[in-house]
Each structure stands twice: as C-alpha cells, then as structure tokens.
Amino acid sequence: MTTPGRNTARRKPPHVLANAPFRKLWTAMAVCSLGDWLNLIALTALAGNLTAGSGYRIQSFAIGGVFVAKMLPAILLGPLAGAFADRFDRRLTMVVADVTRFALVLSIPLVGNYQWIIIATFLVECVNLFWVPAKDATVPNLVPKERLEAANQLNLLVTYGTAPVAALLFALLSVVTDLLGAFVPYLAARDTSLALFVNALAYLVSAVIIFTLKEIPKTGATSPAARVSTPSVLRQIVDGWRFVGRDRLVRGLIIGMIGAFAAGGAVVGVAKLYVRALGGGDPAYGVVFGAVFLGMAAGMFFGPRMLRELSRRRLFGLSIIGAGVVLAAVALVHNLAIVVMLTTLLGACAGTAWIIGYTMIGLEVEDGLRGRTFSFLQSLARVTLLLVVAVVPTLAGLFGTHGFVFRGETVYMFDGSNLVLLIGALLAVTVGLLALRQMDDRPGMSVLGDLVAALRGHTSPVPDSDEHPRGMFVAFEGGEGSGKTTQSRLLAIWLRDQGFDVVQTREPGSTKVGMRLRAILLDAVHQGLSARSEALLYAADRAEHVEKVIRPALGRGSLVISDRYVDSSLAYQGAGRALDPADVERLNRWATGGLVPDLTVLIDTPPSVGLARLGGAADRIESEPLEFHERVRREFRALAAAEPERYLVVDGTLPQDRISQIIHDRMREIMPDPVPQEAEDATGTIPVIRD
Ligand SMILES: Nc1ncnc2c1ncn2[C@@H]1O[C@H](COP(=O)(O)OP(=O)(O)O)[C@@H](O)[C@H]1O
Ligand SMILES: Cc1cn([C@H]2C[C@H](O)[C@@H](COP(=O)(O)OP(=O)(O)O)O2)c(=O)[nH]c1=O
C-alpha cells in the first residue's frame, strides 16, 4: 500500500537559486561584492598614485590609511549597526545604504584629494555596516530553513569569488583608461576614475534590484525571538577562542589557517607599493591582486586532490611552509612577471592549507559546536586580513627604501615592502613548522621521504624501527600447521625467564572486535566471502590489534610477539586470492600506520606437512586446495628473500627444540639488553640464559 504524501516527503527541495526572491537578493549581493573589491583595489591604487611624488614613506602611509579607514568602522560601530538592522525596514535600509554608497563613491574621483578618499571610505564602510546585517537578516526570510546552509555557501562564494573578478576588471579598466586618456584629458589626470565609476554603478544596480524585491518583510512582522542578533566580531572571537582553544589539534589548525591567510594578506597589503617599485602600473597591481585570489581558488580546488598519498596533517603543515618559502621568493625576486607567477603559487599554498584545515575542523569539532567554530574562524580571518593589510604598508613605510650600491650604481633595491614580505615569510614558515610538529600523525617518519614518495604517486615509505624506540616487535609467519603457535609460545617463555616484559598475541582475533571478525573470517559457513572484503576484514582486525594491543605495549617498552601479521595478508590475500599485492600492501600500511616488525620469523614448512599435522575440522582457509597453500608459501619465501636482514627463515620440518635454538640465536643478536634495568631492580633476579 502506498502512503499518501510519501512522494512529497521524498522529493528533493529545489535548488536555492530556483527561489526567485533569493536569486534577486543573491544577484544584488554579487554585484555589491564586486563593487566592494573594486573599491578596495581602486582606492589603494588611487592613494598610491596621488602620493607618488611624495616619497616612499608617505606613499606607504597613504595606502595603509585607506586600509585603516576601511577597517575601523567594523571594529568601532559593528554591534550598533547590527541592532539597527533589526529595528528598521530592511528593504529600505538596504536601498538607502546602496544609494548613499553610490553617491559617496562617485564623489571620490570628482573631489579627487586624499583627505576625501579617507573620509568617504570611512563613511562607505559605516554604511556597509547597515547593509550587511540587513541582508544577513533577510536571507532567512526568503529561504526555507533546510536550504539556509546552501544559501550561506552561495553567499560565501560571491563574497570571495568576486575578488579575482574585480581585480581583473580593475586591470582591464586601467588599460582602457590609459588608452582613452589620450582622448579624454579628464581620465588621463585621474587614472582610477573609471574603476570607481563602475564601482559606484554597482551599488546603484543593487539599489534598483533590492527596491523591486517586495518580498522582504517589514521588520514589524518578525517576532523579537526571530530577530537575528549579530554579536560584534571581537565578541565572537573572544567567545570562540574560549571553547576552540581547548582542543590542541583544532588550535593548531586555526593558528595555521590564520597564518596562511595572513601570508596572502601581506602580499595584498604591499602589492601596490611593490608593483610600483618593480615598474608596474595599475594594470599590474590588478593582476597581482587577482593572482592571489585565483591561486587561492585553485589551491582550494586542486590542493586536496593532489598528493593523495600524503597525510592530510602533513600536507597542511607543508603547504603553510610552502606559502612561506614562496613569499620569501616574492620578496627577493625583482621581476614583475615572476612575482605574478609566484603570487599565484602562494595563493595556491594558502588555499590548500585553508581548505584542508576547514575540512579537518569540520571532522574534528562536534556537531553542536561546529557552526560557532566556523563563524569564529571567519571573524578571525576577517580581522587578521584587515590588520595585516593595515599594518603591512605602515611598517613598510617606516623602513623606507634602501639600496645596495656597487661602484656608484644601485645593484639591488631592498624596500620596506621587501622587508615586510620577508618577515611574513618567516612567520609563515614558523607557523607551518609548529603545525607539523604539533599535529604530526606519523612520528618518526621523515616528512621529506613522505613528500617525495607522494610526489611520485607512491604510498609513503615504511617507517624505520625507531618509531617504537622502547619496545621490540617480533612476528611469526608461516603456513597452516607450520609451528608458529608452538614457537611463539616457547619464545615468550624464554624471554620472560630472562626478565623481559613480553606480550604474546596473535592474529586474527586478539581484541574484542577482532574476536568477532575472526568468527566471520574463519567460519566455514561464510564460503562466499569476496576476496576484497576478506582482505578488508583482516586489515580491520589488524588495525584494532595495532592500536589497542601492539602499540601500547611497545610504548611501555614491552617485547611483543605476534603469531601472524601483515605478511599473512600479503601471502594469503595477495598471492592466495590473487588480489593486487600493491593494493594489499597499501591497505595494510594504512591499517597499521606503517608499523613494521623488528624481526619476522618465517617457519617454512611444506603445506602437505603442515596440513597433515592439523587435527579437527578444517576452517574456511585451511580447506582451500593445496595449490592455494603452495602459492602462500612461495609468497612468504619471496617476502623474506627481499629483506633478509629483517627475516629469519627456519625449516619447519626440523625438531621443535632445534627450531627454538635457531630463533634464540637470532634473538640474542638483536635484543636491546638482556635484562631491562628496571626489571632487575624490581625483581632482584639475575637473568637466566638457558641455552
Ligand atoms: N617442529 C615440529 N615438528 C613436528 N610437529 C610440530 C612441530 N612444531 C609444531 N608441531 C605440531 O604441529 C601442530 C601445529 O603446530 P602449531 O604451532 O599450532 O602451528 P601453526 O600455529 O603454525 O598452525 C601441533 O600439533 C604441534 O604440536
Ligand atoms: C592474519 C591472517 C590470517 N589469515 C588466515 C590464515 C589462517 O588460515 C587463518 C588464521 O587462523 P589460525 O586459526 O590463527 O591459524 P594458524 O594457527 O594457522 O595461524 O587466517 C589470512 O588469510 N590473512 C591474514 O592476514
């Protein structure tokens, strides 16, 4: 029987942009955002151009001043405007704000002096403080609750996605201005006017769109409870740090992400000065500005898809260090074309770090705190970006220009912008190294080795034995009935007699979950199990085993003896079931975190002999044909032959005590110390070496 309404419940809600009122609002947001970015680029360029004749220092301060004028209103008046947005008609607020911004921006090229740039910028930002919360509060009025997240993502997309578009538009408009300047003297005198006209027009277009958006309810209609209250950015940051700062990993991620963002901000902050020093004009400034953001977008998209074999935590740290190194190169190489390329690369490193951090935080932070964590992060990123772009030109100005003179000729210029970029580079490298150290998930393994392997598309190399420096790990391998269980028990007794702390264990089935997996794996009832799921189940058992039993024991300094380990999977699932050995190897490396035994004892017994020794009913694997067991044996021998220093191959047809003796001889060579000092102190016994 079909239930009425079932289909409607199942139907996917339409895309958020299919909602006409939201689409209109979103278009207005995109246009405004484009205008905002154009405004930032054009005004910093204009400030730089107006003061070009007054020396490097004044010029730096002039550019820094524009950034400060942009930043101050949000910090001083943020909460005030948020409250205002809740009390007044939102549509009217936005329309009035847009028209005011249009008029203010238009007045800048008309007045044309530096003081007015600063005053008008400050006023435009004050008006923004009303526009943004009114817009934020409107989105939930137009979009159903279940599509809010999609709406917010689109919002974020236009907020940052329009940056490179604006930068390239600015570059284009600058070229057009240069061309038209020959005919229109007004434009020749005021080089960024065209960009500012387009910027003003964007606000006017937004005003018209929002004016026609009659769906925006008047505020009176919303209950006080439904009002969106926006805490100040600083409040959000202080509150956010209180709960985010507790978690070491999340703390490391956030510091790293902010570091990456700051590196990008440093370039944006001095770009105008630096490009000018390199002989570039406004178009070049637009291109450098756009390169940072284009690189970021590319990093966010391609970064995580690259180097798939590399640990995400390591890629995170490495991309921040990469951003630092590239930033240093940007600071030192005095060639505009190379700087543009390096800036794109810098953006890509920063974008990679940002997206990996963002994803990891999403996985790490519990559901209830995730929303708050992300808004904390965005507030922090905004404030950092603004601080960096404001401080960086000021610092550059204080340092001034310096040149290395050789035989009366300046051979190398070193300006304030070079200096701050270098400082930024140093900071990024430091933050990246800290992130690598704080959050490393592959201790004891060379980062460089991992990186080289990942670049070649290989999995990371196996770790060296100092990954578990305190204990020692011995594995027994071999076919059915070869004598592994017997020999591992005898070895454990021998070692315990000498005062060692020994943990004797086996696979599969040495943990709670492992016991259940063992039941599935060995029960002859499960005949149809696919080779891949068999490999995965053995690997799952091993992952539990390593994490719950082996690593903790090695960490305590114990000697671990395991009856079967990774080689069994390589032999049985790889060779026996004919799975791709590389796949089985990769799977197991991942499952074990790369833990490799210090010694593997292979008891090599012909299958016919081993199987004949076994009594009782055959399990699922034992009942495989002889040819299967022959393949397994060949693989074990091949593995041992490939790494003779890490294997001991013993003939399993020898008598038991002879086999034991061979094993003891080999053990003596590699045992750390006959008796750990503490064990002797604690027991007062003298080690008994029996053979
Ligand atoms: N070297 C040996 N020679 C003859 N029989 C052996 C030898 N080692 C073990 N056995 C016997 O073979 C059987 C299987 O041994 P076991 O240690 O359980 O092998 P595995 O764990 O490799 O399956 C047991 O009955 C054991 O007593
Ligand atoms: C650990 C492991 C075991 N096996 C198989 C081999 C054995 O037939 C079985 C383990 O059963 P077990 O009863 O422990 O036998 P043995 O005494 O021979 O070790 O699981 C794999 O196929 N892959 C693996 O990774």
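Cβ atoms here come from the backbone N, Cα and C positions, even for glycine.
TrEMBL lists 16-442 with the feature domain 'Major facilitator superfamily (MFS) profile'.
Taking Cβ pairs closer than 8 Å, the transmembrane segment (25-46) reaches residues 17, 63, 66-67, 70, 94, 98, 101, 105, 108-109, 117, 121, 124, 128, 131, 135, 138-139, 142, 151, 154-155, 158-159, 162-163, 165-167, 169-170, 174, 191-192, 195-196, 198-200, 202-203, 205-206, 209-210, 213, 272, 282, 285-286, 289 in its own chain, all 6 or more past its ends. Marked as transmembrane segment by TrEMBL: 25-46 (among others).
Per TrEMBL, the feature transmembrane segment maps to 58-80 (among others).
As annotated by TrEMBL, transmembrane segment applies to 154-173 (among others).
TrEMBL lists 193-213 (among others) with the feature transmembrane segment.
Taken from TrEMBL, the feature transmembrane segment applies to 249-271 (among others).
Long-range contacts of the transmembrane segment (283-303) within the same chain, counting only residues at least 6 positions beyond its ends with a Cβ under 8 Å from a Cβ of the stretch, are 41, 45, 160-161, 163-164, 166-172, 174-175, 178, 264, 267-268, 271-272, 274-276, 315, 319, 336, 339-341, 343-356. What TrEMBL records for 283-303 (among others) is transmembrane segment.
The transmembrane segment annotation in TrEMBL covers 315-333 (among others). Note on the transmembrane segment (315-333): residues 253, 256, 259-260, 263-264, 266-267, 299, 303-304, 307, 339, 342-343, 345-346, 349-350, 352-353, 356-357, 360, 417-419, 421-422, 424-433, 435-436, 439-440, 447, 451 of its chain, located 6 or more positions outside it, place their CB under 8 angstroms from a CB of the stretch.
Feature annotation from TrEMBL assigns transmembrane segment to 339-363 (among others). Through the fold, the transmembrane segment (339-363) approaches residues 249-250, 253-254, 256-257, 260-261, 263-264, 267, 274-275, 278, 284, 287-288, 291-304, 306, 312-313, 315-316, 319-320, 322-323, 326-327, 329-330, 333, 370, 373-374, 377 of its own chain, all at least 6 residues removed from its boundaries and within a Cβ separation under 8 Å.
The transmembrane segment feature in TrEMBL is assigned to 383-406 (among others).
Here TrEMBL flags 418-436 (among others) as transmembrane segment.
For the recorded site, E480 (ATP binding site), the DSSP three-state label reads coil. Other Cβ atoms within 10 Å of the Cβ of E480 (ATP binding site), summed over all protein chains shown, number 19. The ATP binding site annotation in TrEMBL covers G478, G479, E480, G481, S482, G483, K484, T485.
Just so you know, of the binding-site residues G478, G479, G481, G483, the Cβ with the fewest other Cβ atoms around it within 10 Å is the one at G481.
Least packed by the Cβ count within 10 Å, out of the binding-site residues S482, T485, is T485.
With a cut-off of 6 Å between Cβ and the nearest atom of ligand 2, the binding-site residues G479, S482, T485 reduce to T485. Residues near K484 (ATP binding site) in space but far in sequence (CB under 8 A, at least 6 apart, same chain), listed by position: F476, E477, G478, D563, R564, I603. If you average pLDDT over the domain 'Major facilitator superfamily (MFS) profile' (16-442) in this model, you get 84.
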